[in-house]
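J.: Quick paste from TrEMBL:
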type	residues	note
ACT_SITE	ASP22	active site, charge relay system
ACT_SITE	HIS57	active site, charge relay system
ACT_SITE	SER228	active site, charge relay system
DOMAIN	13-276	domain 'Peptidase S8/S53'
REGION	294-313	region 'Disordered'
TRANSMEM	329-352	transmembrane segment
Amino acid sequence: MIGINQAWRETKGDGVLVAVLDSGVDPGHRDLAGSVRVGRDFTKGANPPDVRPQRLHGTYMASLIAGHGHGPGGRDGVIGVAPEAEILSVRVILEDDEPGFKKFNMDERYESVMARGIRYAVEEGADVINLSIAKGAATEDDRAAVAYAISRNVVLVAAAGNDGAEDTGGHYSYPASLPGVISVAAVTGTMRRAFFSTRNASVMLAAPGVDILGAGPGDEYWVGRGTSQATALVSGVAALIKAKYPRLSPALVAQALAGSAVAPKGTGYNTGTGFGVVNAGRALAAAARLAGHRPTASGKEAHDPDRPFSTASPEPIAMVQRDRRMITFYGAAGAAGLIGAGGSVAVIVVCARRARRREASPEIAT
């Protein structure tokens with residue numbers, strides 16, 4: 001559905017570091033073993049000292065990005081979009097049923113954890129930062145951290161949110177709505193916008209987000225839906241692009257993703273699914289064209305007043321304005337509810353017998 005096999009002829013993500021800013025990743029899960037670097041925990045002090053992090057949501061997202069399976073030939077378990085990429089686990093949220101969840105969301109000491117996590121990931125050498133998290137407004141620290149990451153050639157991918165069922169559009173989540181961040185919506189297996197997926201003008205593209213199977217801590221498997229899962233899949237595709245074209249800027253990675261997305265025939269940009277559904281094979285091909293582009297010329301070719309464009313004049317540029325309104329906190333950007341197992345993404349192979357269900361995902365307070 002999202003062109004993984006075609007992309008894998010070029011790369012599987014070797015050499016790329018994807019930071020997963022989430023609730024933590026289980027480095028011992030058999031489908032992630034050897035691929036996880038455990039980074040800082042910015043939530044320290046929220047939970048009692050004798051409570052271990054659950055790391056459910058983060059492990060789930062990491063497996064969709066870089067799960068490598070297990071067993072003979074790695075044929076069992078979860079195989080993510082970029083199975084040869086490395087994960088950097090950065091804990092910046094708590095699961096909603098962890099004992100310190102309320103304290104974490106109310107204590108001002110944790111207000112800047114996302115911004116601090118982004119900066120930390122950049123300093124650790126992340127090429128892509130996955131943000132399957134959301135809050136209702138951005139602080140100046142958040143904006144500065146995002147700008148810093150982009151200036152360091154780091155791609156940021158974030159969840160658009162799960163409020164699509166509550167209204168007709170207009171809710172904005174952060175960091176997805178910040179300039180330079182790739183905002184991801186969720187679609188069903190038939191490439192239609194998932195009913196829960198938030199609609200707004202920040203949405204750049206979409207990915208499967210319904211009936212998604214992934215890994216959980218302790219060699220468990222979970223099934224869920226949400227823009228969190230869709231975001232992880234797009235982060236995996238971004239990792240493939242960075243593996244093949246490491247010098248490509250975040251803006252050009254975003255252009256490759258959006259310009260190659262698959263939309264229903266005859267449709268253009270819309271606030272539900274952006275420019276369409278991500279396609280890894282097409283995105284790599286688009287990235288190849290962008291990587292080969294020569295932005296400068298010299299001598300006579302630098303400027304010919306009789307030919308302002310090298311070929312025919314370009315088509316008009318269609319602009320989509322982002323609404324800058326701040327809104328009240330809207331809720332989690334993770335799995336909003338779960339339904340029966342049944343993989344909607346061919347790349348993910350899971351031992352479904354052990355799949356469990358979960359009703360909610362963690363969130364960050366404003």
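Backbone N, Cα and C define each Cβ position, glycine as well.
Automated prediction, rather than curation, is the source of TrEMBL annotations.
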J.: Near the Cβ of SER228 (active site, charge relay system), how many other Cβ atoms are there if near means within 10 Å?
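T.: A count of 34.
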J.: Could you check what DSSP calls SER228 (active site, charge relay system) once collapsed to helix, strand or coil?
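T.: Once the DSSP labels are grouped into three classes, SER228 (active site, charge relay system) ends up as helix.
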J.: How far is it from SER228 (active site, charge relay system) to HIS57 (active site, charge relay system), counting Cα to Cα, in Å?
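T.: Distance (Cα to Cα, whole Å): 9 Å.
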J.: Please report the Cα separation of HIS57 (active site, charge relay system) and ASP22 (active site, charge relay system) in Å, rounded to an integer.
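T.: On Cα coordinates alone, these residues lie 7 Å apart.
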J.: Among the active-site residues ASP22, HIS57, which residue has its Cβ surrounded by the fewest other Cβ atoms within 10 Å?
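T.: Candidates: the active-site residues ASP22, HIS57. Fewest Cβ atoms within 10 Å: ASP22.
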